[in-house]
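Here the structure comes first, spelled out in structure tokens, and everything after it is commentary.
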Amino acid sequence: MAAFKRILLKLLPEAKKGEDGRDMFSNRIQFVLCAMGGAVGLGNLLRFPSVVYNNYGLQFFIPYFIALFFVALPILVLEISLGTVYRGGPVLAWHSVNKRAKGIGLSVVFNGYVVVTYYVPLLAWIMKYFSRSFQSPLPWKGQDLSEYFAQVIVANVDPASTGSFNPDGSVAEYTKWVGTGMLGETAGWAIFTWFVTWLCVFRGVGMTGRVIYVTMGLPLVLIIILIGRSCSLPNAGDGIKLYFATWRTSALQSPQIWQAAFGQIFFSIGVGFGYFTSWASYCTQHSNAVQDALIIGFSNSAVEIIAAFSVFGVIGYLGIDPSEGRALGTFVTGFITYPEALAQMPGAPFFAVIFFFTLFLLGLTSAFSLLEVMTTLIMDTDWGRKIPRWAVCTIVTIVSALISLIYCTEFGLQALDAVDTYVNDVALFFTVWCECFAATSFYRCRDVAHQVGWPGFLTYTIGFAVAQGLGIRVAYGSTPGIGAGVGFAFFAASTFVSLFMAKTPAIPAPRFWGNRKFLSRFWWVAFYPGNQLTRDLNVVIGVGKNWSIPYFWAAIMKYISGPILAIVLSFAYPKFTKTHMYDPIMIYGFSITHLVVPTIVLGILMPPWFNWIIPSEKIALGEKPVAPMETIDNSNEIFRLGSEESGSTPGGMMMGREGVVREKTG
């Protein structure tokens with residue numbers, strides 16, 4: 001029995017503990033691979049080449065890399081840094097930024113959890129293909145792949161009638177869905193996938209850190225095999241020319257390519273789902289978070305750019321040309337186009353097994369990363385700590401599996417499409433916009449009020465947020481140019497008013513900003529929260545040879561990333577009102593994903609309502625002391641303060657003498 005226990009501990013090791021008792025990864029590589037596992041998924045192998053194909057040509061990479069540098073990487077640095085410094089999942093991390101930001105953290109968890117409940121049934125469809133790939137010839141050879149996917153793999157029942165609109169835009173008739181039965185094979189594979197997902201995470205990062213070497217490493221090897229096979233097919237070069245040997249300058253004038261590129265990099269890198277913050281919370285507090293974020297971001301892009309050769313080789317082999325009007329999508333590429341090519345290859349069963357097993361492993365790493373977000377949330381609470389991790393993980397998995405059965409029904413594809421569409425187009429973009437806004441406006445805002453007064457600060461902050469929404473709303477009613485003009489005009493007016501309402505700060509702004517009183521006021525209301533967050537995070541993660549967060553990071557998030565996200569978010573609403581408003585399932589997806597809005601608003605207005613998911617000893621961290629221009633050390637020592645010996649500051653946080661570290665403010 002003792003020998004068996006030793007073997008079990010060797011195979012399923014417990015995670016090592018940090019000084020605060022929290023589980024920790026054994027090494028940095030495990031964290032990077034787990035974070036990459038969440039980012040690198042089906043979107044890299046299937047969605048990316050589809051988007052590039054629909055916007056074919058090297059010019060696509062101009063907006064793609066602009067999106068990477070100005071949207072994806074700044075937010076990725078934010079999420080990883082918060083998890084590393086505050087040693088908690090999204091809710092605890094955002095509570096530590098400001099007690100009124102808890103709703104943002106909870107919305108991040110919601111996004112990840114909603115996705116994993118439909119992501120696993122999607123993997124079940126992959127396993128249905130996989131189980132049929134051992135036959136020779138492949139069972140779908142010679143068949144219409146669209147019909148095979150719809151009738152055999154998804155096996156959904158068409159609606160009895162399709163909805164329609166009246167001439168005035170109101171709904172004339174709603175879509176009537178008659179198929180409601182459960183699909184046994186799909187449900188069976190979904191339960192199997194949930195079990196495998198549970199196996200990967202129930203013991204914590206001690207086990208997951210070992211599993212990830214296989215679930216992340218093996219797909220990379222298999223992708224190389226697929227690239228070699230695809231690029232060796234007849235006429236594969238024609239597809240590769242579309243990818244890397246075509247240039248269309250005129251395409252850059254279309255907003256479609258910019259929207260597609262920004263959407264792809266945002267979905268691909270995976271911010272806003274919570275797993276970066278959750279995984280980072282299991283690192284040491286003085287980890288090189290900035291460097292890790294860049295490694296993860298660039299590796300994610302490298303994987304999808306290289307893996308796309310396997311799809312473009314198939315595109316050339318099948319003679320598909322975007323100029324003929326045939327568009328590709330994630331489902332079309334993965335479940336129709338690629339299987340069609342596999343059926344025509346020599347050795348088809350072998351490569352079909354490799355292809356679908358690769359998809360399953362890529363999806364599995366994303367699935368257990370998403371599941372870990374909810375598990376981390378529960379384990380961070382006072383009541384969650386009283387329950388063994390394996391029990392928490394088991395309960396979360398069972399509940400998630402039961403919820404996911406809705407996607408294993410005869411209307412499962414439509415339900416999946418509805419929720420996937422609006423969790424990505426609405427919930428995700430709105431939540432991440434709030435992340436950018438809160439990190440650069442809420443953090444230590446009482447310092448700003450102390451220096452310039454609440455009226456000036458609130459006028460500027462609210463005006464900045466309203467200007468974005470107002471400009472977009474006007475743009476849809478007239479033209480983008482007029483909308484942009486109205487938005488900028490409102491922002492300029494609110495800024496002008498705020499500067500007259502603001503007091504002259506007792507502590508001048510740094511550098512040239514402090515030379516004029518209005519410039520000094522402007523710096524305090526426009527830049528101080530983000531600048532102070534940068535400095536406070538660098539106290540912990542920028543030590544020694546670690547890379548520090550650059551000074552311009554917060555400004556990019558607030559004034560570039562945020563407005564871009566607001567614009568992309570606005571695209572979702574015309575799509576719903578013009579094409580989806582008559583479908584009850586689409587209405588369900590649209591409605592449920594909007595739960596993030598009241599969650600975030602309630603968190604701002606009634607922060608104590610969410611204190612039950614915050615550890616009691618860390619509730620005080622949600623309200624930073626008033627200490628303008630001083631950095632706060634958020635290291636473990638400060639987290640542990642709160643005893644009677646510690647002094648109580650006006651901000652309500654229990655801090656020792658070492659809690660505030662003075663720096664030169666320039």
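Using N, Cα and C of the backbone, Cβ positions are placed for all residues, glycine too.
Whatever TrEMBL says is automated annotation, not expert-curated.
Per TrEMBL, the features are:
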REGION    644-666  region 'Disordered'
TRANSMEM  31-49  transmembrane segment
TRANSMEM  61-82  transmembrane segment
TRANSMEM  103-127  transmembrane segment
TRANSMEM  186-204  transmembrane segment
TRANSMEM  211-228  transmembrane segment
TRANSMEM  257-282  transmembrane segment
TRANSMEM  350-378  transmembrane segment
TRANSMEM  427-445  transmembrane segment
TRANSMEM  457-476  transmembrane segment
TRANSMEM  482-502  transmembrane segment
TRANSMEM  551-573  transmembrane segment
TRANSMEM  585-606  transmembrane segment
Highest Cβ pair tally under 8 Å against the transmembrane segment (211-228), stretches 31-49, 61-82, 350-378, 551-573, 585-606, lands on 350-378
Counting Cβ pairs closer than 8 Å, which of 61-82, 103-127, 186-204, 457-476, 482-502 has the most of them with the transmembrane segment (350-378)? 103-127
Hey, which of 31-49, 61-82, 186-204, 427-445, 482-502 has the most Cβ-Cβ pairs under 8 Å against the transmembrane segment (457-476)? 482-502
If you count every Cβ pair below 8 Å, which range out of 61-82, 482-502, 585-606 shares the most with the transmembrane segment (427-445)? 585-606
Between the transmembrane segment (186-204) and the stretches 103-127, 257-282, 482-502, work out which stretch tops the count of Cβ pairs under 8 Å. 103-127
Using a Cβ cut-off of under 8 Å, list the residues of the same chain at least 6 residues beyond the transmembrane segment (61-82) that approach it. 35, 90, 93-94, 96-97, 252, 257-258, 261-262, 264-266, 269, 271-272, 276-277, 280, 289-290, 292-294, 296-297, 301, 432, 435-436, 439, 537, 541, 549, 553, 556-557, 560-561, 564-565
Long-range Cβ contacts under 8 Å made by the transmembrane segment (31-49), restricted to residues 6 or more beyond its ends, are 25, 80, 122, 205, 208-209, 212-213, 215-217, 219, 223, 243, 264, 267-270, 273, 275-276, 279-280, 282-283, 287, 292, 295-296, 299-300, 303-305, 307-308, 310-312, 315, 328-330, 333-334, 358-359, 362-363, 365-366, 368-370
